[in-house]
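Before any comments, here is the structure.
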Amino acid sequence: MKIILATQNQGKIRELQDLLVDEGILVLSLLDISDWVDVEETGETFADNAALKARAAVRRTGLIALADDSGLEVDALNGAPGVYSARYAGEPKDDGRNNDKLLHLLETTPDDKRTARFRCALVMATPFGKEYLTEGAVEGRILRERRGLDGFGYDPIFYLPEYERTMAELTLAEKNNISHRAQAFRKVIPILRDLGKGAMPYDPGED
Ligand code: IMP
């Protein structure tokens, strides 16, 4: 079976391909489509935005399409930056400035009120008009300064109490094992498996 992941992010493509290789599922992506026009992410939730991208990809390719949308929710900021995570400090998108803005806004917030989570919504849209939503979340706390060199986005200021490290101090393998995205990706596997079974050619066997 062939599916498409509606992203141009090599890391996400590799992560999903690795999870699905044993299922005999080939993951295409927007990198395989020459004339892809980016979908405007106008949704108010991660799930809305993921659905917009998945629907566009299924319309364009006729393949089962998956799309994810993710971001950071900080409790002391009523869930901000949320769907605005990528461009929190404005255009052009800049992880460094986003982190600076967040640290500044939380300067007077005490340690026990700095709780936050990464959230991911993954929508799968089929050519037959069905849609499925899976989600993942990782709980943590926003530090007062950056720690660690790996990862991207808000990883250097996102502390995982369970691991006593920030997301940027985890190895890629560790992060891919626990991340909000990995959780959402893993939950979609049984659904894909069932769809795959449904698509098996009928074999009447011998009398
Ligand atoms: P996207 O929906 O995966 O493109 O993520 C949108 C934005 O959320 C990114 O640009 C980052 O700012 C933030 N984000 C999402 N996932 C992560 C993560 O795993 N680590 C750090 N930041 C993330």
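Cβ atoms are placed via backbone N, Cα and C, with glycine included.
Whatever TrEMBL says is automated annotation, not expert-curated.
In TrEMBL this protein carries:
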- Thr7, Gln8, Asn9, Gln10, Gly11, Lys12, Ser70, Phe152, Gly153, Tyr154, Asp155, Lys175, His180, Arg181: substrate binding site (BINDING)
- Glu40, Asp69: Mg(2+) binding site (BINDING)
- Asp69: active site, proton acceptor (ACT_SITE)
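Here the features listed in TrEMBL are placed on the structure.
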{"residue": "Thr7", "record": "substrate binding site", "contacts (Cβ under 8 Å, 6+ apart)": "Ile13, Ser29, Leu30, Lys53, Ala67, Asp68"}
{"residue": "Asn9", "record": "substrate binding site", "contacts (Cβ under 8 Å, 6+ apart)": "none"}
{"residue": "Gly11", "record": "substrate binding site", "contacts (Cβ under 8 Å, 6+ apart)": "none"}
{"residue": "Glu40", "record": "Mg(2+) binding site", "contacts (Cβ under 8 Å, 6+ apart)": "Leu52"}
{"residue": "Asp69", "record": "Mg(2+) binding site", "contacts (Cβ under 8 Å, 6+ apart)": "Glu41, Gly43, Phe46, Ala47, Asn49, Ala50, Lys53, Val83, Cys120, Ala121"}
{"residue": "Ser70", "record": "substrate binding site", "contacts (Cβ under 8 Å, 6+ apart)": "Phe46, Ser85, Phe118, Arg119, Cys120, Ala121, His180, Arg181"}
{"residue": "Gly153", "record": "substrate binding site", "contacts (Cβ under 8 Å, 6+ apart)": "Leu72, Ser85, Ala86, Asp95, Asn98"}
{"residue": "Asp155", "record": "substrate binding site", "contacts (Cβ under 8 Å, 6+ apart)": "Gly148, Thr166, Met167, Ala168, Lys175"}
Annotated binding-site residues Thr7, Asn9, Glu40, Asp155, filtered by Cβ under 6 Å to ligand 1: Asp155
Substrate binding residues Thr7, Gln8, Asn9, Gln10, Gly11, Lys12, Ser70, Phe152, Gly153, Tyr154, Asp155, Lys175, His180, Arg181: largest Cα-Cα distance, in Å and rounded to whole number: 20
Reduced DSSP assignment, Asp69 (Mg(2+) binding site): strand
His180 (substrate binding site): tally of other CB atoms within 10 A of its CB: 23
